[in-house]
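Q: Starting off with a structure, shown below.
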Amino acid sequence: MTIKLGVPSKGRLMEKTFDWFGARGVQLSRTGSDREYAGAVEGVDGVELVLLSAGEIPRELAAGRIHLGVTGTDLIREKLGQWEQQVQELAELGFGHADLIIAVPGCWADVDTLDDLDAAAAAFRAEHGFRLRIATKYHRLVREYLMDAGVADYQLVDSQGATEGTIKNLTAEAVADITSTGDTLRANHLKILDDAVVLQSQATLFRSRVAQMTDAERGGMAALLETLGLGG
Amino acid sequence: MDQKARVKTRAAELSARFQAAGAVPVETPLLLPAEVLLDLYGEDIRGRAYVTSDALRGEQMLRPDFTVPVVQMHMAHGAEPARYTYAGEVFRRQEDDAARANEYMQVGYEVFDRENPAAADAEVFAVVKEALGDVPVRAATGDIGILAAAVAGLDTTERRKKALARHIWRPRRFKALLDRFSGRAEMPASRAKLLAADAPLDHGYPDIGVRTQAEVAARIDWLREDAQAAPISAMQVELIEALLAVRETLPNALEHIRDLAVDMPAISEAAYRLRDRIAAMDARGVDVNTLGFEASYGRTSMEYYDGFVFGFTVEGRADLPPVATGGRYDALTQVLGQGREIPAVGGVIRPGLLVDLEDAA
């Protein structure tokens with residue numbers, strides 16, 4: 001019986017997560033070959049490392065298949081309805097900072113705010129006969145944000161990657177995407193709307209509210225959180 | 001009998017009642033082409049309806065309500081005047097409240113009649129109200145047409161009026177626009193900078209995307225023109241706000257709106273329509289003296305309603321959705337009628353909620 005800890009399986013997010021736990025006395029590491037998603041935990045007993053894609057961690061937490069998981073706030077909020085009832089935020093890890101923003105072509109000299117975007121969308125629809133397209137993979141977050149702000153005459157089109165390129169490819173007029181430095185946006189001749197931060201995200205340790213635990217696992221969880229300085 | 005069967009039986013009783021009132025029963029498909037609904041409601045509908053697709057027909061939506069297919073059916077081959085009733089399941093995506101049903105029955109009553117709108121409004125309201133019987137519900141009414149008339153009558157540019165009319169159903173943006181057009185809100189720094197620029201199109205960015213530089217230039221021209229236009233007067237803004245705040249019994253609301261019409265003559269016609277409707281409701285035996293009227297009612301939830309609106313909610317249960325809702329949707333028939341239109345008004349009851357209320361009584 002072990003506590004299952006889900007951690008992103010590759011890249012900087014994995015390394016930074018390992019560093020964060022390491023600094024608190026829990027050594028996480030990958031074992032076996034580079035291609036094998038297996039890991040080891042030292043410094044605390046009864047904890048198993050599960051390496052997953054960051055995008056799958058919200059679902060695994062909500063299903064109770066892992067007890068703890070590290071992923072971005074953006075993914076939790078996009079993928080889980082009523083997320084607060086399914087997972088609990090234990091700690092912000094201080095890296096993986098990214099904002100979900102809305103960006104438009106820099107050549108739209110007349111558009112800098114949501115108010116402008118809304119007015120441009122109305123004119124665009126009248127001119128072209130279809131709603132202004134915003135490419136994103138964060139459908140729920142962006143829709144709720146724009147609905148709340150009272151923006152009309154747009155439509156979301158799905159883009160699971162290379163979102164910044166959709167405008168040049170004429171498959172969207174604007175994008176809603178995660179950015180940390182804005183470099184990719186600038187390279188694609190886009191500018192961020194002044195007043196449209198949909199969400200500020202960072203890597204966060206979440207606890208599943210639905211995962212079952214035996215008494216022994218409960219003890220293991222308490223010991224782990226104690227070691228991490230999150231007890232009490 | 002299990003609950004679902006009981007709800008179906010209750011729905012059949014309601015439908016029989018509506019047929020006795022003169023409505024012809026109609027059926028509509030469960031799967032509707034997503035394009036029509038998306039075109040009407042925009043992206044918001046995706047948050048409320050289930051979307052599915054196949055390679056042949058493209059995106060389809062599980063029927064989120066009956067109004068659109070019934071209007072389409074009528075516009076395609078309906079005789080006038082017409083009364084329809086329908087009973088069946090609708091599907092609503094629920095992402096934030098697991099307690100809300102994502103599949104439930106609706107029974108509706110719709111009137112397509114160009115002769116006497118006041119009488120048709122009163123008829124739908126009275127027929128729905130009578131069908132609800134003695135269950136403890138509170139009725140509220142409103143009229144989107146009065147606000148629309150007030151906006152159309154503002155002493156300002158056509159473009160500003162059009163922008164405000166477009167957002168009648170989005171109170172937050174409506175208020176933001178009104179604040180901007182009346183000079184109550186400061187212009188954002190980015191707008192001031194744009195207006196001050198000699199050559200805003202010399203921005204140094206390559207021209208990418210479908211939206212052309214001509215479209216950008218056209219909007220900048222409009223913004224410049226708008227910056228020259230006089231602000232909407234404080235008095236007119238106050239009148240709109242006073243109108244939006246009207247929340248009284250029907251006769252008092254009518255008096256109040258008539259008082260406002262002295263300074264806002266544009267709403268006089270709409271006030272006459274309200275008066276005629278009250279008289280028609282009274283003639284139908286509705287106790288208008290205790291019936292509530294809220295000028296803002298229906299602004300957030302019912303985009304296709306553009307005149308009379310009403311709803312019946314369970315007293316003391318703000319957590320429950322309304323047991324019945326309805327209203328006038330003349331503009332919807334124009335959009336779906338492809339050049340033809342007919343004044344239309346209708347209402348729906350949720351028999352599932354009605355059965356629960358009857359059980360609790």
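These residue numbers are counts, starting from 1, taken along the chain as shown.
Glycine too: its Cβ is placed from the backbone N, Cα and C atoms.
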Q: With B:Asp65, B:Phe66, B:Thr67, B:Gln106, B:Glu110, B:Arg299, B:Tyr304, B:Tyr305 listed by TrEMBL as L-histidine-binding, which of these, B:Arg92, B:Arg93, B:Arg284, B:Arg317, is given for the same site?
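A: Among the candidates, TrEMBL records only B:Arg92 at this L-histidine site.
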Q: Please give the L-histidine site's span as the largest CA-CA distance among B:Asp65, B:Phe66, B:Thr67, B:Arg92, B:Gln106, B:Glu110, B:Arg299, B:Tyr304, B:Tyr305, to the nearest whole angstrom.
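A: The widest Cα-Cα gap among those binding residues is 22 Å.
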Q: Sequence gap of 6 or more, C-beta under 8 Å: which same-chain residues meet both conditions with respect to B:Tyr305 (L-histidine binding site)?
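A: Those within reach of B:Tyr305 (L-histidine binding site), by Cβ under 8 Å and sequence separation of 6 or more, are B:Ile144, B:Gly298, B:Gly327, B:Arg328, B:Tyr329.
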Q: Can you tell me whether DSSP puts B:Tyr305 (L-histidine binding site) in helix, strand or coil?
A: coil
